Amino acid sequence: MAKNTRRGASRGPARKKTPQRQVPGWVWLFTGLMVGLFVAFLFHLGKTQIEQGSSTGVTNNDKPAKTKAEPKPGPKNESGDDSPKFDFYAVLPKMEVIVPQNETDSGSHTTSKPDATKKPTTTRKPEAGTRNSNEKYLLQAGSFRRNEDADRRRAELILKGFEANIQSVNLDSGDSWHRVMIGPYNNLNAMHRAQDQLASNGIETLPIKMKK
């Protein structure tokens, strides 16, 4: 038998190794350039925003701050204020007149110093007891718009030992006033003593004489 002298005849053809593809250098260069440009753009954008913000702040600081305008005082609300509203010369009835400060129980008045060049004139003094005993005198310790304020003043006077009453008066305009009255007194001396005592306690009063 003839022997096959060729060795390795059964082996197949050898496979060729495929060479690996390499990325061209210009691709890496282009990619790096784009990344650098993008980073530079972000940096420039952030810097621009910071500069704009700082310039805006400086501009706002340069402007003078607007001072808040003080509100103009409006008309006082006589009925809405919490403080007591009273008027000593308000709502005096026609039957009452204010007693002059220089009037005394004897009927004499304070007079000015007579001129030396003129002859002194004698004045006839009123006889004692000629004053009408029917005259009554009152002290008004306030005229309030709110009854609560008048009642508070009345309670204060009662605690100080005075007999006080509240007299309400309705005006034609529709307003109501509440007067705190002390008395009546039969003579001016008694009324003045009470007025001085009230003044020493810090309470202002208005002397009133009742007409017939």
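Yeah, the Cβs are placed from backbone N, Cα and C, and that goes for glycine too.
Quantities reported herein were computed from a predicted structural model and do not represent experimental measurements.
The compositional bias 'Basic residues' annotation in TrEMBL covers 1-19.
Under the heading compositional bias 'Polar residues', TrEMBL lists 52-62 (among others).
The compositional bias 'Basic and acidic residues' annotation in TrEMBL covers 63-85.
Look at TrEMBL and you will find 101-114 (among others) tagged as compositional bias 'Polar residues'.
According to TrEMBL, the feature domain 'SPOR' maps to 131-211.
Annotation comment: TrEMBL describes 1-21 (among others) as region 'Disordered'.
For 52-85 (among others), the entry in TrEMBL reads region 'Disordered'.
Per TrEMBL, the feature region 'Disordered' maps to 101-131 (among others).
Taking Cβ pairs closer than 8 Å, the transmembrane segment (25-45) reaches no residue in its own chain that is 6 or more past its ends. Look at TrEMBL and you will find 25-45 tagged as transmembrane segment.
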**Q.** Residue counts (helix, strand, coil, in that order) that DSSP gives for the domain 'SPOR' (131-211)
**A.** 26 helix, 31 strand, 24 coil
